[in-house]
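A.B. asks: Questions regarding the structure given below will be posed in turn.
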């Protein structure tokens with residue numbers, strides 16, 4: 001190492017040391033100075049990448065000064081300078097750009113706009129290389145603003161008593177490194193009372209002038225509510241300079257009261273019976289317990305002990321509910337609600353705790369009378385105005401605990417009747433049919449009951465064996481596929497007979513007796529006084545339609561099956577009975593679908609002999625039984641009909657016995673549909689053909705008595721034993737007429753045979769396929785002189801030639817000129833027209849033939 005090199009290194013080392021000392025002590029414009037992180041004051045920002053920072057706020061709390069790389073800045077800030085720590089060089093905000101996101105590459109602006117995109121910005125922007133300077137932009141926000149009483153409980157939105165002289169306003173916000181926070185308190189007239197309500201001495205980062213900064217810790221402004229008048233106040237906070245917009249500000253309200261008594265506030269003055277009524281206890285210190293009661297005189301007459309126990313709901317801040325009885329001999333808290341007589345109940349109570357500034361509870365009005373009801377609020381337990389009536393389990397101590405205690409507040413509210421509607425069934429109802437029952441009820445109605453009325457009282461209608469229908473949480477009710485006449489109650493019987501009646505729906509709470517059971521009947525006056533509605537319903541008798549599928553009145557014994565379809569509203573099933581001429585019987589039960597239709601395919605009739613037969617559909621009618629007392633069900637009827645076949649009776653005898661014991665029986669309302677048919681051999685025939693031109697098609701038509709869909713008729717074009725073309729069909733109507741088109745695109749002219757085959761039966765017919773079908777050739781000849789047209793039709797056969805001539809009189813034109821044929825001149829040879837010449841030629845040809 002040379003002396004020169006050593007000297008240079010020494011000089012360089014000395015320069016670096018001096019520069020470090022200078023860099024550690026330099027003060028920048030605006031009061032910014034480098035310091036160790038542990039010595040920073042509340043106004044300084046931390047540089048997360050180093051132990052150094054630059055102050056960004058002067059002593060008056062305003063944003064001025066410089067920040068170094070890694071600092072966090074906020075939307076809306078002004079007067080912020082970026083400087084490098086190592087050389088004090090100022091960095092232009094425009095050189096920093098967004099490093100990622102949908103706005104990647106967008107430059108940073110100064111002043112920072114209120115809508116500047118949040119996130120990181122650096123000198124490299126979206127590039128991955130390490131940047132020499134970068135900052136992070138955040139949205140300024142107040143994250144918490146609460147008014148707290150002496151016990152440090154949140155009473156925001158509630159009541160702060162003037163005696164709470166150690167109350168405070170607590171704030172959390174994220175821009176403490178950029179700006180101080182400013183507090184403003186206004187009364188209900190908008191007058192600023194901040195200086196008046198602030199306590200003389202402040203701590204927790206607050207200053208006497210209503211500003212403050214406690215860094216990352218909660219900022220507290222100490223207040224004395226006794227310094228201001230009672231009333232409603234609004235508390236607001238925001239940044240002292242730039243950050244006074246959007247989420248950087250927050251407001252809250254509080255009611256300052258000089259009263260020592262708690263107050264009761266109802267959510268509504270009028271409520272529909274069955275709805276829940278919210279109440280709020282205000283103006284009471286945090287943690288107090290208050291008793292709220294409703295006297296039994298406001299209960300519904302039909303309420304039971306269990307119902308009364310539900311009046312005060314165990315929700316919100318309610319910690320205990322119950323009933324107190326006073327039966328002259330004792331006053332006590334009820335343990336057994338089910339066995340408690342409503343006449344012994346004195347009142348229902350709730351114990352409510354004051355939490356977050358107030359106490360919230362709720363009343364179930366379903367069990368209150370539809371009139372005006374009173375609610376009482378008692379002083380807090382264990383205070384100068386009331387004894388300690390709440391035990392350590394947060395329960396009322398005993399039934400006499402509130403005796404002799406004056407209330408802090410009382411108020412009343414009106415309970416009105418609600419609405420209930422029955423949307424279905426309405427209009428017409430077929431006896432025995434299934435319907436959907438649905439409708440709507442007002443809030444708080446848990447169950448509804450269906451009734452029917454003829455002339456007197458409303459009679460109970462059971463719903464699938466139940467006496468009531470549950471109301472869903474959306475205040476609707478529905479039961480599907482219900483037979484209204486199925487039960488054994490009076491209303492079921494009413495709806496089992498044709499006529500016009502009143503159908504009613506009523507809240508279950510209005511339809512129960514003193515023991516809580518649903519009443520079997522309710523007189524019209526009581527029904528109308530309850531939460532109910534009625535509509536008219538017309539009950540009609542059952543009906544029956546049916547059609548058996550035959551083909552031209554026949555059923556082929558090759559099939560030995562028959563189909564039937566029809567309608568039977570109000571029935572679950574019907575009986576199909578097919579009777580042969582020799583006394584054979586086929587009996588089958590057929591189910592009726594929910595849409596009142598039935599459809600049964602492939603009923604086996606193989607036991608029947610050929611000949612005439614009858615098919616019947618038999619329904620039991622609205623009474624559900626066959627005949628007067630022949631059979632009570634389809635299965636019973638099947639056994640009965642089986643008895644009719646003993647002794648080798650004829651088909652007519654069996655039919656007579658069935659009719660006499662069902663539809664023709666005394667007082668019977670049975671219904672029957674009868675259809676005659678013949679059971680015969682299967683037969684498929686060819687009746688006619690059309691077409692037959694080579695290259696075209698041949699249509700083959702015929703009749704059959706075979707069952708469509710289950711059978712296929714195949715038509716084959718044969719030449720000798722060779723099959724030329726084939727086609728088929730499995731569709732034809734009840735007249736048995738079928739049709740098949742056989743393609744002739746590859747068939748040469750000649751004589752052929754067509755064969756129709758249904759699988760069991762065949763039929764044949766000879767046909768001729770020609771090269772071209774003959775069509776009449778018409779020539780029109782004009783006769784211009786007499787305005788006539790002659791049409792000659794020639795048909796040539798092997799034996800003779802026939803010439804027909806017809807003339808038609810043409811209409812003359814409007815100007816009287818003679819008609820002419822299209823495209824021809826109106827002139828002709830006088831006396832010797834083309835028509836005359838044609839006749840002459842034909843005559844000569846005929847003469848030549850006769851000579852030959």
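Even glycines carry a Cβ here, placed using N, Cα and C.
Taken from Swiss-Prot, the feature region 'Disordered' applies to 84-131, 772-828. Among the features that Swiss-Prot reports, compositional bias 'Polar residues' is placed at 115-126. Under the heading N-linked glycosylation site, Swiss-Prot lists 513, 727, 751, 811, 815 (among others). Positions annotated as O-linked glycosylation site by Swiss-Prot, on the basis of a curator's inference: 789, 791, 792, 798, 799, 801, 812 (among others). The transmembrane segment feature in Swiss-Prot is assigned to 829-849; the stated evidence is sequence analysis.
Can you tell me where each of these features sits in the structure?
C.D. replies: Long-range contacts of the compositional bias 'Polar residues' (115-126) within the same chain, counting only residues at least 6 positions beyond its ends with a Cβ under 8 Å from a Cβ of the stretch, are 75, 91, 95-101, 103-106, 108-109, 132-139.
Residues within less than 8 Å, Cβ to Cβ, of residue 513 (N-linked glycosylation site) and separated from it by at least 6 positions along the same chain comprise 302, 519.
Under the DSSP three-state reduction, residue 727 (N-linked glycosylation site) is assigned to strand. Counting every protein chain shown, the Cβ of residue 727 (N-linked glycosylation site) has 16 other Cβ atoms within 10 Å.
When secondary structure is read from DSSP and collapsed to three states, residue 751 (N-linked glycosylation site) falls in the strand class.
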A.B. asks: At the Cα level, what's the spacing in Å between residue 727 (N-linked glycosylation site) and residue 751 (N-linked glycosylation site), rounded?
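C.D. replies: If we compare the Cα positions of residue 727 (N-linked glycosylation site) and residue 751 (N-linked glycosylation site), the gap is 19 Å.
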A.B. asks: Run through the region 'Disordered' (84-131) and tell me, per DSSP, how many residues are helix, strand and coil.
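C.D. replies: So the counts come to 3 helix, 9 strand, 36 coil.
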A.B. asks: Far apart in sequence but close in space: which same-chain residues, 6 or more away, have a Cβ under 8 Å from residue 751 (N-linked glycosylation site)?
C.D. replies: 719, 766, 767, 768, 769
